Amino acid sequence: METSDRISPGGGIGAEVPSAYHMAPRPSDSPANQFMGLSLPPMEAPMPSSGEASGKKRRGRPRKYEANGAPLPSSSVPLVKKRVRGKLNGFDMKKMHKTIGFHSSGERFGVGGGVGGGVGSNFTPHVITVNTGEDITMRIISFSQQGPRAICILSANGVISNVTLRQPDSCGGTLTYEGRFEILSLSGSFMETENQGSKGRSGGMSVSLAGPDGRVVGGGVAGLLIAATPIQVVVGSFITSDQQDHQKPRKQRVEHAPAAVMSVPPPPSPPPPAASVFSPTNPDREQPPSSFGISSWTNGQDMPRNSATDINISLPVD
(Lines of atoms letter the chains of each structure in order from A and count residues from 1; the text may use other names and numbers.)
(Lines give C-alpha, C1' and ligand atoms only; values in the text may rest on other atoms or scores of the structure.)
Protein backbone atom coordinates (compact mmCIF):
# COMPACT_ATOMS: atom_id res chain seq x y z
CA MET A 1 0.00 0.00 0.00
CA GLU A 2 1.54 3.29 -1.08
CA THR A 3 1.29 6.30 1.17
CA SER A 4 2.46 9.88 0.81
CA ASP A 5 3.98 9.89 4.29
CA ARG A 6 7.60 9.01 4.92
CA ILE A 7 8.85 6.73 7.64
CA SER A 8 11.44 8.50 9.75
CA PRO A 9 14.51 6.62 10.96
CA GLY A 10 13.24 6.89 14.53
CA GLY A 11 10.30 4.62 13.74
CA GLY A 12 7.56 7.28 13.49
CA ILE A 13 5.59 8.33 10.48
CA GLY A 14 5.63 12.04 9.71
CA ALA A 15 5.64 14.55 6.93
CA GLU A 16 8.50 15.19 4.58
CA VAL A 17 11.59 16.29 6.51
CA PRO A 18 12.92 19.68 5.33
CA SER A 19 16.20 19.73 3.47
CA ALA A 20 17.92 21.84 6.13
CA TYR A 21 17.22 19.25 8.79
CA HIS A 22 19.67 16.32 8.86
CA MET A 23 19.88 13.44 11.30
CA ALA A 24 22.84 11.28 12.00
CA PRO A 25 22.64 7.82 10.36
CA ARG A 26 21.71 4.86 12.52
CA PRO A 27 22.75 1.30 12.01
CA SER A 28 20.34 -0.85 10.07
CA ASP A 29 20.09 -3.40 12.85
CA SER A 30 18.73 -0.91 15.39
CA PRO A 31 15.93 -2.16 17.65
CA ALA A 32 13.46 0.18 16.01
CA ASN A 33 14.18 -1.21 12.55
CA GLN A 34 14.07 -4.76 13.81
CA PHE A 35 10.77 -4.07 15.50
CA MET A 36 9.22 -2.60 12.36
CA GLY A 37 10.75 -5.27 10.20
CA LEU A 38 12.31 -2.71 7.90
CA SER A 39 15.81 -2.38 6.60
CA LEU A 40 16.71 1.20 5.67
CA PRO A 41 20.00 2.20 4.12
CA PRO A 42 22.13 4.59 6.18
CA MET A 43 21.60 8.27 5.38
CA GLU A 44 24.57 10.21 4.12
CA ALA A 45 25.08 13.66 5.58
CA PRO A 46 25.73 16.33 2.93
CA MET A 47 29.16 17.86 2.79
CA PRO A 48 29.20 21.40 4.15
CA SER A 49 30.05 24.15 1.75
CA SER A 50 33.18 26.24 2.01
CA GLY A 51 31.27 29.05 3.73
CA GLU A 52 29.71 26.68 6.31
CA ALA A 53 32.94 24.81 7.05
CA SER A 54 34.42 27.74 8.93
CA GLY A 55 31.39 27.95 11.25
CA LYS A 56 31.80 31.75 11.57
CA LYS A 57 30.67 34.59 9.44
CA ARG A 58 33.57 36.25 7.76
CA ARG A 59 34.03 39.90 8.58
CA GLY A 60 35.35 42.61 6.33
CA ARG A 61 35.11 42.98 2.60
CA PRO A 62 33.75 40.11 0.52
CA ARG A 63 36.26 37.97 -1.28
CA LYS A 64 36.97 38.80 -4.92
CA TYR A 65 38.95 35.64 -5.63
CA GLU A 66 38.35 31.99 -4.95
CA ALA A 67 40.70 29.72 -3.02
CA ASN A 68 42.47 28.66 -6.22
CA GLY A 69 43.06 32.28 -7.28
CA ALA A 70 40.32 32.46 -9.91
CA PRO A 71 38.27 35.69 -9.82
CA LEU A 72 34.70 35.37 -8.60
CA PRO A 73 31.87 36.35 -10.97
CA SER A 74 30.52 39.88 -10.54
CA SER A 75 27.08 38.55 -9.56
CA SER A 76 28.46 36.79 -6.47
CA VAL A 77 30.17 39.93 -5.11
CA PRO A 78 27.60 42.06 -3.23
CA LEU A 79 27.58 45.70 -4.10
CA VAL A 80 27.93 47.98 -1.07
CA LYS A 81 26.50 51.45 -1.59
CA LYS A 82 28.77 54.13 -0.19
CA ARG A 83 26.99 56.60 2.04
CA VAL A 84 27.43 60.21 1.09
CA ARG A 85 28.65 62.30 3.99
CA GLY A 86 26.33 65.10 5.06
CA LYS A 87 23.24 63.74 3.33
CA LEU A 88 20.58 61.40 4.62
CA ASN A 89 18.43 59.75 1.94
CA GLY A 90 18.95 62.64 -0.44
CA PHE A 91 18.38 65.31 2.24
CA ASP A 92 21.06 67.92 2.68
CA MET A 93 22.07 68.30 6.34
CA LYS A 94 23.44 71.79 5.76
CA LYS A 95 20.04 73.02 4.61
CA MET A 96 18.43 71.48 7.67
CA HIS A 97 20.95 73.20 9.95
CA LYS A 98 20.19 76.55 8.36
CA THR A 99 16.46 75.94 8.77
CA ILE A 100 16.62 75.24 12.50
CA GLY A 101 19.26 77.89 13.22
CA PHE A 102 22.60 76.10 13.11
CA HIS A 103 25.81 77.68 11.90
CA SER A 104 28.43 75.88 9.83
CA SER A 105 30.49 75.53 12.98
CA GLY A 106 27.71 73.45 14.60
CA GLU A 107 26.57 75.97 17.18
CA ARG A 108 22.94 76.86 17.59
CA PHE A 109 21.12 79.99 18.69
CA GLY A 110 20.46 78.98 22.26
CA VAL A 111 19.07 80.46 25.41
CA GLY A 112 21.54 82.33 27.53
CA GLY A 113 23.94 83.61 24.91
CA GLY A 114 23.93 81.91 21.55
CA VAL A 115 26.04 82.90 18.62
CA GLY A 116 26.77 86.49 17.82
CA GLY A 117 26.72 87.87 14.35
CA GLY A 118 23.06 87.71 13.30
CA VAL A 119 20.17 90.09 13.84
CA GLY A 120 18.31 89.06 17.00
CA SER A 121 21.21 86.97 18.23
CA ASN A 122 22.60 86.93 21.78
CA PHE A 123 19.11 86.39 23.16
CA THR A 124 19.33 86.12 26.95
CA PRO A 125 16.39 85.35 29.29
CA HIS A 126 15.89 87.11 32.61
CA VAL A 127 13.45 86.63 35.49
CA ILE A 128 12.20 89.72 37.34
CA THR A 129 10.55 89.19 40.73
CA VAL A 130 8.06 91.90 41.71
CA ASN A 131 7.14 92.06 45.39
CA THR A 132 3.66 92.68 46.73
CA GLY A 133 2.55 96.32 46.41
CA GLU A 134 5.13 97.26 43.75
CA ASP A 135 4.34 98.59 40.30
CA ILE A 136 5.13 96.00 37.65
CA THR A 137 5.45 98.60 34.90
CA MET A 138 8.08 100.64 36.74
CA ARG A 139 10.11 97.55 37.60
CA ILE A 140 10.25 96.48 33.96
CA ILE A 141 11.15 99.98 32.73
CA SER A 142 13.91 100.35 35.33
CA PHE A 143 15.31 96.96 34.31
CA SER A 144 15.39 97.97 30.63
CA GLN A 145 17.37 101.12 31.46
CA GLN A 146 20.25 99.17 33.00
CA GLY A 147 21.88 98.51 29.63
CA PRO A 148 21.72 99.29 25.93
CA ARG A 149 20.03 96.00 25.03
CA ALA A 150 16.41 95.84 23.97
CA ILE A 151 14.01 93.67 25.97
CA CYS A 152 10.80 91.84 25.23
CA ILE A 153 8.32 90.54 27.81
CA LEU A 154 7.54 86.86 27.38
CA SER A 155 5.20 85.91 30.23
CA ALA A 156 4.14 86.65 33.81
CA ASN A 157 2.13 84.92 36.52
CA GLY A 158 0.52 86.18 39.70
CA VAL A 159 -2.37 88.33 40.94
CA ILE A 160 -2.70 92.12 40.71
CA SER A 161 -4.91 94.47 42.66
CA ASN A 162 -5.00 97.63 40.55
CA VAL A 163 -4.59 98.20 36.82
CA THR A 164 -5.17 101.08 34.43
CA LEU A 165 -5.90 100.04 30.84
CA ARG A 166 -6.26 101.97 27.63
CA GLN A 167 -9.31 100.86 25.69
CA PRO A 168 -9.34 101.30 21.90
CA ASP A 169 -13.12 101.88 21.84
CA SER A 170 -13.10 104.61 24.50
CA CYS A 171 -11.66 107.33 22.23
CA GLY A 172 -8.27 107.34 23.92
CA GLY A 173 -9.65 107.16 27.45
CA THR A 174 -8.45 104.88 30.20
CA LEU A 175 -10.23 102.51 32.56
CA THR A 176 -9.07 101.59 36.06
CA TYR A 177 -9.92 98.19 37.54
CA GLU A 178 -9.60 97.49 41.25
CA GLY A 179 -9.84 94.06 42.84
CA ARG A 180 -8.05 90.76 42.45
CA PHE A 181 -7.26 89.85 38.89
CA GLU A 182 -5.13 86.94 37.79
CA ILE A 183 -2.65 87.58 34.99
CA LEU A 184 -3.39 85.47 31.93
CA SER A 185 -0.76 86.99 29.66
CA LEU A 186 1.66 89.91 29.71
CA SER A 187 3.62 90.96 26.63
CA GLY A 188 5.44 93.99 25.29
CA SER A 189 8.86 95.38 24.44
CA PHE A 190 11.13 98.33 25.20
CA MET A 191 13.91 99.52 22.92
CA GLU A 192 16.52 102.24 23.14
CA THR A 193 15.93 105.32 21.01
CA GLU A 194 18.02 108.40 20.35
CA ASN A 195 16.45 111.78 19.62
CA GLN A 196 18.65 114.87 19.10
CA GLY A 197 21.50 113.40 21.10
CA SER A 198 19.35 112.27 24.05
CA LYS A 199 18.74 108.58 24.58
CA GLY A 200 15.48 107.16 25.86
CA ARG A 201 13.20 104.13 25.82
CA SER A 202 10.16 103.51 23.68
CA GLY A 203 7.67 100.68 23.88
CA GLY A 204 4.67 99.44 25.81
CA MET A 205 2.88 96.49 27.36
CA SER A 206 -0.47 94.75 27.00
CA VAL A 207 -2.11 92.50 29.57
CA SER A 208 -5.02 90.08 29.79
CA LEU A 209 -6.66 89.56 33.20
CA ALA A 210 -9.29 87.23 34.60
CA GLY A 211 -11.66 88.48 37.31
CA PRO A 212 -13.01 86.45 40.23
CA ASP A 213 -16.32 86.01 38.39
CA GLY A 214 -14.58 84.60 35.29
CA ARG A 215 -14.79 87.78 33.25
CA VAL A 216 -11.74 88.52 31.13
CA VAL A 217 -10.52 92.07 30.60
CA GLY A 218 -7.47 93.33 28.80
CA GLY A 219 -5.81 96.08 26.85
CA GLY A 220 -2.72 98.23 26.76
CA VAL A 221 -1.24 99.19 30.11
CA ALA A 222 -1.64 102.97 30.50
CA GLY A 223 -0.70 103.45 34.14
CA LEU A 224 -0.31 101.49 37.32
CA LEU A 225 -0.07 97.71 37.47
CA ILE A 226 0.10 96.95 41.19
CA ALA A 227 1.02 93.43 42.32
CA ALA A 228 -1.23 91.79 44.92
CA THR A 229 1.09 88.78 45.28
CA PRO A 230 4.75 88.19 44.35
CA ILE A 231 4.87 88.10 40.56
CA GLN A 232 7.49 86.57 38.29
CA VAL A 233 8.05 88.24 34.93
CA VAL A 234 10.15 86.51 32.25
CA VAL A 235 11.85 88.89 29.82
CA GLY A 236 14.49 88.43 27.14
CA SER A 237 17.22 90.86 26.12
CA PHE A 238 18.78 91.03 22.66
CA ILE A 239 20.74 93.28 20.31
CA THR A 240 18.91 95.08 17.53
CA SER A 241 20.23 95.61 14.02
CA ASP A 242 20.98 99.31 14.64
CA GLN A 243 23.06 98.50 17.71
CA GLN A 244 24.88 95.79 15.82
CA ASP A 245 25.91 98.22 13.07
CA HIS A 246 27.43 100.57 15.65
CA GLN A 247 29.29 97.74 17.36
CA LYS A 248 30.99 96.51 14.20
CA PRO A 249 34.65 97.59 14.26
CA ARG A 250 35.70 99.54 11.23
CA LYS A 251 38.71 98.26 9.41
CA GLN A 252 41.47 100.82 9.15
CA ARG A 253 42.96 101.22 5.74
CA VAL A 254 46.71 101.05 5.89
CA GLU A 255 48.45 102.66 2.94
CA HIS A 256 51.93 101.43 2.30
CA ALA A 257 54.25 104.19 1.05
CA PRO A 258 56.45 103.18 -1.86
CA ALA A 259 59.96 102.41 -0.79
CA ALA A 260 62.51 105.05 -1.82
CA VAL A 261 64.95 103.80 -4.40
CA MET A 262 68.48 104.65 -3.32
CA SER A 263 71.26 104.70 -5.89
CA VAL A 264 74.26 102.78 -4.64
CA PRO A 265 77.59 103.88 -6.19
CA PRO A 266 79.61 101.10 -7.75
CA PRO A 267 82.55 99.82 -5.68
CA PRO A 268 85.91 101.41 -6.52
CA SER A 269 88.13 99.44 -8.83
CA PRO A 270 91.24 98.01 -7.17
CA PRO A 271 94.53 99.76 -8.02
CA PRO A 272 97.00 98.01 -10.31
CA PRO A 273 99.57 95.84 -8.58
CA ALA A 274 102.79 97.68 -7.75
CA ALA A 275 106.08 96.23 -9.01
CA SER A 276 108.80 95.46 -6.53
CA VAL A 277 111.90 97.68 -6.63
CA PHE A 278 115.28 95.97 -6.76
CA SER A 279 118.20 97.53 -4.90
CA PRO A 280 121.61 97.02 -6.51
CA THR A 281 123.47 97.47 -3.24
CA ASN A 282 121.57 94.70 -1.52
CA PRO A 283 120.23 92.28 -4.06
CA ASP A 284 118.59 90.12 -1.42
CA ARG A 285 116.55 93.05 -0.06
CA GLU A 286 113.64 94.48 -1.87
CA GLN A 287 112.04 97.78 -1.04
CA PRO A 288 108.37 97.43 -0.26
CA PRO A 289 106.02 99.42 -2.38
CA SER A 290 103.54 101.90 -1.04
CA SER A 291 101.06 100.73 1.58
CA PHE A 292 98.06 100.69 -0.71
CA GLY A 293 99.60 98.05 -2.93
CA ILE A 294 100.10 95.44 -0.22
CA SER A 295 96.75 93.79 -0.73
CA SER A 296 97.45 93.26 -4.41
CA TRP A 297 100.70 91.41 -3.98
CA THR A 298 100.94 87.92 -5.33
CA ASN A 299 103.05 85.07 -4.12
CA GLY A 300 106.43 84.92 -5.77
CA GLN A 301 106.17 81.19 -6.21
CA ASP A 302 103.10 81.58 -8.38
CA MET A 303 104.87 83.86 -10.87
CA PRO A 304 106.67 81.97 -13.61
CA ARG A 305 110.36 82.60 -13.96
CA ASN A 306 112.42 82.37 -17.06
CA SER A 307 115.58 80.46 -16.23
CA ALA A 308 117.28 81.59 -19.42
CA THR A 309 117.06 85.27 -18.52
CA ASP A 310 119.55 86.44 -15.85
CA ILE A 311 120.35 89.86 -14.48
CA ASN A 312 124.02 90.87 -14.90
CA ILE A 313 125.25 93.13 -12.14
CA SER A 314 128.72 94.72 -12.10
CA LEU A 315 130.07 94.93 -8.58
CA PRO A 316 132.91 97.34 -7.68
CA VAL A 317 136.35 95.74 -7.45
CA ASP A 318 138.32 96.35 -4.24
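The backbone N, Cα and C atoms fix where each Cβ goes, glycine too.
If you look up Swiss-Prot, you'll see 1-76, 241-318 marked as region 'Disordered'. Per Swiss-Prot, the feature DNA-binding region maps to 56-68; the stated evidence is sequence analysis. The motif 'Bipartite nuclear localization signal' annotation in Swiss-Prot covers 56-64 and rests on a curator's inference. Taken from Swiss-Prot, the feature domain 'PPC' covers 120-259, and the record attributes it to sequence analysis. The compositional bias 'Basic and acidic residues' annotation in Swiss-Prot covers 243-256. The feature compositional bias 'Pro residues' is assigned by Swiss-Prot to 264-274. Annotation comment: Swiss-Prot describes 288-312 as compositional bias 'Polar residues'.
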Model confidence over the motif 'Bipartite nuclear localization signal' (56-64) (mean pLDDT, whole number): 73
Per-state residue totals over the domain 'PPC' (120-259) - DSSP helix, strand, coil: 19 helix, 79 strand, 42 coil
